[in-house]
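**Student:** Marked as transmembrane segment by Swiss-Prot: 22-42, 68-88, 108-128, 136-156, 169-189, 191-211, 245-265, 280-300, 343-363, 366-386.
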Amino acid sequence: MKNNRITKIINQYEYKIFYKRIAFTILILLIYILGSKITIVDENAMRQHDSAFYKLAVSNMGGDIHQLNVFSLGLGPWLTAMIIISLITYKNMEKAMHQTRAEKHYKEKFLTLGLSIIQGYFVINQFVRHTDAKRFTELLLLLILVTGAMLMMWLADQNMRYGIAGPMPIVLLSVIKSMFTQSLPIVSIEILMLVVMVILIIVALFILLLTELIEYRIHYRDIIEMPTPGQPTYLAWKINPGGSISIMISLSVFLLLTSTINLIFNMVTGKTPHLQWLSFGHYMGVTIYLILQTVLGYLLSRLIVNTKQNTKDFLKNGNYFIGIRPGADTGNYLNHLAKRLCWFGTTIVTAIIGVPLYISLLVPDLSEYIYFAVQLMIMVYLAMNITETMRTYLYFDKYGAFLNQYW
């Protein structure tokens, strides 16, 4: 009798699925913490040079090169592979939707493996001192780094299926860890300058919060349900559909570009290159990154908005916009609105990230503090996305008992 009563209470508890997902995500994070503690190279064997930009970028993808460990490459190769495959299949979305999960995973894993090898080779050549057994040591370290990257991809994928927010909790933990391990230099700053910096950070965070919360609503007519005056039907898009994932992907692609150019230079000359112009310490490097952030942020936003699918759904359901013919005209109308919205949201995020990076070039003494501020903004952005995902799970948990009757 007592057991039946306990079972009834558990079955009626509306958040049980949500808490299972939280528990699974915590398990994934514990595995990530354990793997990041397994160092594969002694600290004395690491090259100490100015690589703040690379450490910043890697930490925002779940990696860590302060000390080379199993998960040093992070999720960068996987995120890059996903965006490349998504952009390739964008023109033929119907064919991509008919692919099985196994087919999609095979393509992602194969491309991730290749990108991991390129980035891993770059990390070893740039940040590890070479020994007499150079070739054997490089191959062994490369094997460990690539294996760790593939394991991280699997952990993030499992968290996407059974946990909360996919790769974002791993990246958030990596950013927090990186912020606490940074040793900021002591710089004498005037009180006025400090107040201005704090105000600018608060304003930037407030703008990011607005882009995450504000929706762009397009009202339409539903031929099945007549809208009430207080509850009109509308299609809702976020101001920045790409969210924080666009920042992670742009950093990943930028690192892939850096790694590829360094790899080609090393294969041609046989020397370890130091391409300062392709870093956050040079105007060219910052400009290239911001161009990548703008283009990839826009493309990712367009993928998420998916006006092609919206057009098909409207045509199938009989919904329409006033003064717009169904079919091709509706598609052109939605594409026009989506272009303006996605460019607007992407430009805001790029400006918020770009302005501090350019200021760090003008005031090099404050570069470490500016990188710290950028990480703080990215951390808050990730936290907002994770919170929104948790709210979505809570919303569906409330109707779980009803939906399970039909699933």
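Counting begins at 1 with the first residue displayed.
Using the three backbone atoms N, Cα and C, a Cβ is placed for every residue, glycine included.
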**Student:** Using a Cβ cut-off of under 8 Å, list the residues of the same chain at least 6 residues beyond the transmembrane segment (343-363) that approach it.
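**Tutor:** Result: 204, 207-208, 211, 238-242, 246-247, 280-283, 286, 289-290, 293-294, 297-298, 301, 370-371, 373-374, 377.
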**Student:** Mark yes when the transmembrane segment (22-42) and the transmembrane segment (136-156) have three or more Cβ pairs under 8 Å (sequence separation 6 or more) and no when they do not.
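**Tutor:** Yes; at least 3 Cβ pairs under 8 Å.
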**Student:** Report, as numbers and ranges, which residues of the same chain sit near the transmembrane segment (280-300): CB under 8 Å and 6 or more residues beyond its ends.
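**Tutor:** 50, 52-53, 56, 83, 86-87, 90, 240-242, 245-247, 249-251, 253-254, 257, 342-343, 345-347, 349-350, 353-354, 357-358, 360-361, 364, 367, 371.
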**Student:** Could you give the residue numbers and ranges of same-chain residues that sit at least 6 residues beyond the transmembrane segment (108-128) on either side and whose C-beta is under 8 angstroms from one of its C-beta atoms?
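**Tutor:** Contacts with the transmembrane segment (108-128): 41, 45-47, 51, 54, 65, 68, 72-73, 76-78, 80-82, 84-85, 138, 141-142, 145-146, 149-150, 153, 255-256, 258-260, 262-263, 266, 272.
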